[in-house]
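J.: Shown below is the structure under consideration.
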Amino acid sequence: MLTLSLNSQLLVSFLKLTCSDGGLSFDSPPAMTRQDSAAPAGSLSVQGPSNPGYNTNPVPVPVITQTDTRDKWSKKMDFLLSVIGFAVDLGNVWRFPYICYQNGGGAFLIPYIVMAIFGGVPLFYMELALGQFHRTGAISIWKHICPIFKGIGYAICVISLYVSFYYNTIIAWALFYFYSSFASVLPWTNCDNAWNTENCTNYFLKDNVTWNNYSRSPAEEFYTRNVLEIHKSDGLSNVGGVRWQLMLCLFLIFTIVYFSLWKGVKTSGKVVWVTATLPYVVLFILLIRGATLPGAWKGVVFYLQPKWEKLFETSVWVDAAAQIFFSLGPGFGVLLALSSYNPFTNNCYRDAIVTSLVNCLTSFMSGFVIFTMLGYMAEKRNVNVEDVARDKGPSLLFITYPEAIANMTGSTFFAIIFFVMMITLGLDSTFGGLEAIITAVMDEYPEYLAHRRELFVLGLVVVCFLGSLSTLTNGGAYVVKLLEEFGVGSSIIAVGFLEAIAVSWFYGITRFSNDIKSMLGYYPGLFWKVCWVAISPAFLAYIIVSSLLKPAPLQLFDYKYPDWSITVGYIIGASSFMWIPIYMVYKLVWTPGSLKQVRPSNAAILNCQIHLNSVFHNS
């Protein structure tokens, strides 16, 4: 019995070490790193029974803790504002209001809240806890969880790169508008400009204006013919030349990004005090102004009037699940990176609840800001709100809303603050996305990058800038749509699904709960465990299957994407996800030993966490 207990304890310690080291070895156990050796007072340990005949000396289980060399947030609010700034982005302003009215108005809030409670928030909480406990980025964290899934970290970095290629271009468009707003008469107010066509129809301050299917508002022609110059492109087959004005705007955006990130969280944590709080001030001002406009109530009724029959449509629940997932942002590696700079005992549970609530309430409030303006426009056009609200995506922000602003008293002021809000909303998300890459790569290769952060961030920003050039062409909006749909889309949901499976099933829900106990002093409740093990993975699988079975046709303005471009899109999506199976094959092939020995060795890699949990339970 004594021998059995000792062997059991040694096995626990050995399994922990070998799983954390990225593979199993039948030689001597690997030495703990300096980071592993610094365990807090409340760290886990495995003890045998209290029988005097047993060796009761605890066998310590190494815990990844904050090291003196790792950056730390200067204040708790720096972290909270960074997380809120990442989660609350342009999608909260344009995507949620559109999806809400499209899927039943007020009735949509029911599936939205259900999906948030059982899917989005548990995944959000899980990532914050993982990052805070293991103190490392999206790549190297897998040697502590389940090494064969390390490809997830590389996939996350590739997806984040794709996001940076198009997302910052949208911010550059907002900067172009911001510059154009410094005029006594906004340039998208009338049809007297060089870029306007005979279809330009200005119905504000005029009577008996006929609006038909060929009519184009001054704001629409400003966006399509002056900002994008999309009429000079034939589509993806001929995107045209690079717009130097947009390239200059993008250069300024990346300059701000670089000097916000180059010194780590100590600099970005200060910047978010402006970029994360200013949008709320502007949203409140615009909400008050919108509520005082004629016809605003029509927009609010249209926004919230429940259509209960929509609840029986599967597509509504799919949209709710996708919206909450992309809104909160688990799976992007950002939450892992940001929480890894927290103190070990930080209350990540409370952080998850607070930031999730702020995010959802911001989306809800943004709907009022948007639809009061749409109601005002419907009143002026003398049409139904649904005829005004047909625009979605960036068009809602760059056509519909600027058009409403242009015809209000004090239009210049409201245009300036609106586009400042858009720029700051976008910058926060860019900070988070690039920090996910920076933290992941620097933690994976500290021997090369530990003291070269400034150079690495500079190189990353240059790569992102060069990768964005195709989105700055005359047909760049087509590229943006393609990257948004396929570069992120199903790929990031599949990554989130595998991450949830790896943590809950391979790392083990018992062990993950013990990690949370060592940080917070109490175990997560049964609700969270059930969500992590079953409901949240099912939630993600539901989105993946639904999106693959019923893919929506891809179209932008009057341009329908050709079949070859859809194939290119699938290749883009596969180019990120493929790193997961590639790394699995790499681990199987390069693990030392013959094929017969490799197979059980790698099977042990997959199952070591399950065995470890069993030993914990029975020892």
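Glycine is treated like the rest: Cβ placed from N, Cα and C.
Note: TrEMBL annotation is automatic and uncurated.
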J.: According to TrEMBL, which residue among Cys157, Cys191 is joined to Cys200 by a disulfide bond?
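T.: Recorded partner, per TrEMBL: Cys191.
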J.: Sequence gap of 6 or more, Cβ distance under 8 Å, 3 or more pairs: do the transmembrane segment (242-261) and the transmembrane segment (317-341) meet that?
T.: no
J.: At a threshold of under 8 Å on Cβ distances, which of 79-97, 455-480, 520-544 pairs most often with the transmembrane segment (353-378)?
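T.: Result: 79-97.
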J.: Suppose the Na(+) site is Gly85, Ala87, Val88, Asn92, Ser327, Asn359, Leu425, Asp428, Ser429. Which further residues of the same chain have a Cβ inside 8 angstroms of that site's Cβ centroid?
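T.: Here the nearby residues are Ile84, Phe86, Asp89, Gly91, Gly329, Thr362.
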J.: Give me the count of other Cβ atoms within 10 A of the Cβ belonging to Ser429 (Na(+) binding site).
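T.: There are 25 of them.
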J.: Which listed stretch (109-130, 273-297, 317-341, 520-544) has the most C-beta pairs under 8 A with the transmembrane segment (151-179)?
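T.: Against the transmembrane segment (151-179), the leading stretch is 317-341.
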J.: Which range wins on Cβ pairs under 8 Å with the transmembrane segment (413-434): 79-97, 109-130, 317-341, 455-480, 520-544?
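T.: It is 79-97 that shares the most Cβ pairs under 8 Å with the transmembrane segment (413-434).
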J.: Give the nonlocal contacts of the transmembrane segment (79-97) in its own chain as ranges (CB under 8 Å, at least six residues past its ends).
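T.: Sequence-remote neighbours of the transmembrane segment (79-97) are 73, 128, 170, 265, 268-269, 272-273, 275-277, 279, 303, 323, 326-329, 334-335, 338-339, 341-342, 346, 351, 354-356, 358-359, 362-364, 366-367, 369-371, 392-394, 396-397, 422, 425-426, 428-429, 431-433.
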J.: Is it possible to get the count of other C-beta atoms within 10 angstroms of the C-beta of Gly85 (Na(+) binding site)?
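T.: Total other Cβ atoms inside 10 Å, all chains included: 28.
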J.: Ten-angstrom check, please: count other Cβ atoms within 10 Å of the Cβ of Val88 (Na(+) binding site), all chains counted.
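T.: Val88 (Na(+) binding site) is surrounded by 28 other Cβ atoms within 10 Å.
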